[in-house]
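So that you can see what the record holds, here are the features copied from TrEMBL:
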- Gly83, Gly84, Asn85, Pro86, Arg105: substrate binding site (BINDING)
- Asp106: Mg(2+) binding site (BINDING)
Amino acid sequence: MSALPLATAELCDANPHLILNGELRALHPTFQIYGRRQVFSGQVVTLKVFEDNVLVREFLEEKGNGRVLVVDGGGSMRCAILGGNPVQQAQNNGWSGIVVNGCIRDVDEINGCDIGVRALASHPMKANKKGIGEKHVSVNIAGTRICDREWLYADTDGILISRSELTV
């Protein structure tokens with residue numbers, strides 16, 4: 001993660017050529033903001049699951065090293081695939097943020113954590129525990145293809161994905 005947070009609007013203004021050639025993309029504005037860290041960035045780790053949070057928890061038990069976990073939960077609104085305990089663990093393990101194409105729960109607990117979280121909504125029901133999913137695969141979220149090892153920049157204006165690390 002950069003020493004100073006980079007504003008998404010500034011990144012867009014400074015890099016019109018990257019927007020034109022598709023190297024810098026904005027996610028559709030469908031995400032709610034959770035967690036105490038409203039501005040975060042880092043290298044992306046991708047995960048694809050559906051109504052199952054075993055692999056989400058496994059990833060967040062690893063050292064984050066400033067990375068951002070991007071979870072394609074298929075946009076499910078039937079249960080939460082992320083809760084307070086894994087988010088607390090992610091904070092303690094040095095993850096910069098988590099973006100969930102799906103629901104979370106334990107919102108008050110998550111909002112107390114020093115980490116950035118984006119999700120579609122909150123839902124009180126918990127996910128399945130089958131351990132089914134795909135790690136380090138390309139995902140399509142909010143109109144944007146996101147690949148493992150790309151870079152994510154998030155703030156209150158939105159979420160950007162870049163093929164490489166950006167500076168202003």
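The backbone N, Cα and C atoms fix where each Cβ goes, and this holds for glycine too.
Where the annotation comes from TrEMBL, it is an automatic prediction and has not been curated.
Quick caveat, the model's predicted, so the values are computed rather than measured.
Note: the Cα of Gly83 (substrate binding site) and the Cα of Asp106 (Mg(2+) binding site) are spaced 5 Å from each other. Around Pro86 (substrate binding site), taking its Cβ as the centre, 24 other Cβ atoms fall within 10 Å, counting all chains. Spacing of Pro86 (substrate binding site) relative to Asp106 (Mg(2+) binding site) is 10 Å (Cα to Cα, whole number).
Sequence-distant neighbours of Asn85 (substrate binding site) (same chain, 6+ apart, CB under 8 A from its CB) are Asp106.
Compute the center of the Cβ atoms of Gly83, Gly84, Asn85, Pro86, Arg105, which mark the site for substrate; besides them, the chain residues with Cβ within 8 Å of that center are Ala80, Leu82, Val87, Gln88, Ile104, Asp106, Glu109, Ile110. Residue density at Gly83 (substrate binding site): 19 other Cβ atoms are found within 10 A of its Cβ, drawing on all protein chains shown. The Cβ of Gly84 (substrate binding site) has 17 other Cβ atoms within 10 Å, all protein chains considered. Across the residues annotated as binding substrate (Gly83, Gly84, Asn85, Pro86, Arg105), the two Cα atoms farthest apart lie 11 Å from each other. Asp106 (Mg(2+) binding site) is surrounded by 21 other CB atoms, counting those within 10 A of its CB over all protein chains shown. Counting every protein chain shown, 20 other Cβ atoms lie within 10 Å of the Cβ of Arg105 (substrate binding site).
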